[in-house]
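S.K.: Swiss-Prot lists these features:
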BINDING   10, 11, 12, 13, 36, 37, 38, 120, 122, 201  NADPH binding site
BINDING   121, 147, 148, 172, 195, 208, 213, 214, 217  1-deoxy-D-xylulose 5-phosphate binding site
BINDING   146, 148, 217  Mn(2+) binding site
């Protein structure tokens, strides 16, 4: 029986993580979780799983939950997130919160020697050097939950990582993969939220449409697997059947395939190095699919992917700037305050405005994050 703490239980990854726990009640126990403002959902999860600690975003929601929570301790805010991440009984902390708020709980959980199931892209993007140093220092495993990084992780199982020639990350292309730049001037929020393959939260769905999601994954892969950016490629693969590939020195390529279902990589992170049945996911029948398609990525068509490579290669504090600018811009687009292509423009402005700090401390990263958010808000 593995004890699980779940950060971000009401989001897309969080709800699917609970599906996995639900499927294997003899294997997993939920000891703590956090939610944002979805209190009705939190009540249902408490009633089903009886966790010991639950964290909410706002102090005013604490009393609402305490009235129905029985013996569950209710906490709130950033301190509450840390309490969930540091639950003494938790063996695995699944970080499924959205945004850079996931950074500090991850670092503290690593220091407490918890195994980390990492679905929060921004943690490695903004502070990859700090996270990986801490993981090495405390001998902690970072297990990828993203389908692409899980695919690479599985392809590398038993392999000599020094023999890697290239990582090939696949991209569905998002909601607007078939639209021209001119057509993108007129797309709506509703259009952007219709992802062709995956069921995800609103922020990551917009990131998929701009291709920033894939850019964040490139930076994540660099840190997780220690591969230079020059050896990480992205290929457009509309079917989302091949989740990623690894090319070795002898030019052999290993790929991980499967139906697009996030519960598969989530469960693998929780069961690693073992596997368990996942009976209600769709079996992959290649004869039904028939043909798989691949296209080279156009980084002028998908400018956010180019920004991510530029930020990653610049290193230091630049990825944190790019990430903070993107979070503010995406939120403004979702609120219909800016157009779709303005997201790219705001990110570019923020990156051009910033002078890179080569090895920023945690405090500097948090300061840069806040300053970038203020700068971008002033541009809107």
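Cβ atoms are placed via backbone N, Cα and C, with glycine included.
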S.K.: Minimum Cβ neighbour count within 10 Å among the binding-site residues 10, 12, 38, 213: which residue?
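M.R.: The binding-site residues 10, 12, 38, 213 were compared, and 38 has the fewest Cβ atoms within 10 Å.
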S.K.: Around the Mn(2+) site formed by 146, 148, 217, which additional residues qualify by having Cβ within 8 Å of the site's Cβ center?
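M.R.: Not counting the recorded site residues, we get 121, 144, 147, 149, 150, 169, 213, 214, 220, 221, 244.
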S.K.: Quick check for the class: what is the C-alpha distance, in angstrom and rounded, between residue 146 (Mn(2+) binding site) and residue 121 (1-deoxy-D-xylulose 5-phosphate binding site)?
M.R.: 9
S.K.: Any idea what DSSP makes of residue 12 (NADPH binding site), helix, strand or coil?
M.R.: helix
S.K.: Could you round the CA separation between residue 12 (NADPH binding site) and residue 217 (1-deoxy-D-xylulose 5-phosphate binding site) to a whole angstrom and send it over?
M.R.: 17
S.K.: Counting other Cβ atoms within 10 Å of each residue's Cβ, which of the binding-site residues 122, 217 comes out lowest?
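M.R.: Taking 122, 217 as the binding-site residues, the minimal 10 Å Cβ count falls on 122.
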S.K.: If you skip the near sequence neighbours and keep only those at least six away, which residues in the chain come within under 8 angstroms of residue 36 (NADPH binding site), Cβ to Cβ?
M.R.: 8, 10, 56, 57
S.K.: With an 8 Å cut-off on Cβ-Cβ distance and a minimum sequence separation of at least 6, pull the same-chain contacts of residue 148 (1-deoxy-D-xylulose 5-phosphate binding site), or say none.
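M.R.: Same-chain residues close to residue 148 (1-deoxy-D-xylulose 5-phosphate binding site) (Cβ under 8 Å, separated by 6 or more) are 169, 170, 217, 221, 243, 244.
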S.K.: How far is it from residue 38 (NADPH binding site) to residue 121 (1-deoxy-D-xylulose 5-phosphate binding site), counting Cα to Cα, in Å?
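M.R.: Here the two Cα atoms lie 22 Å apart.
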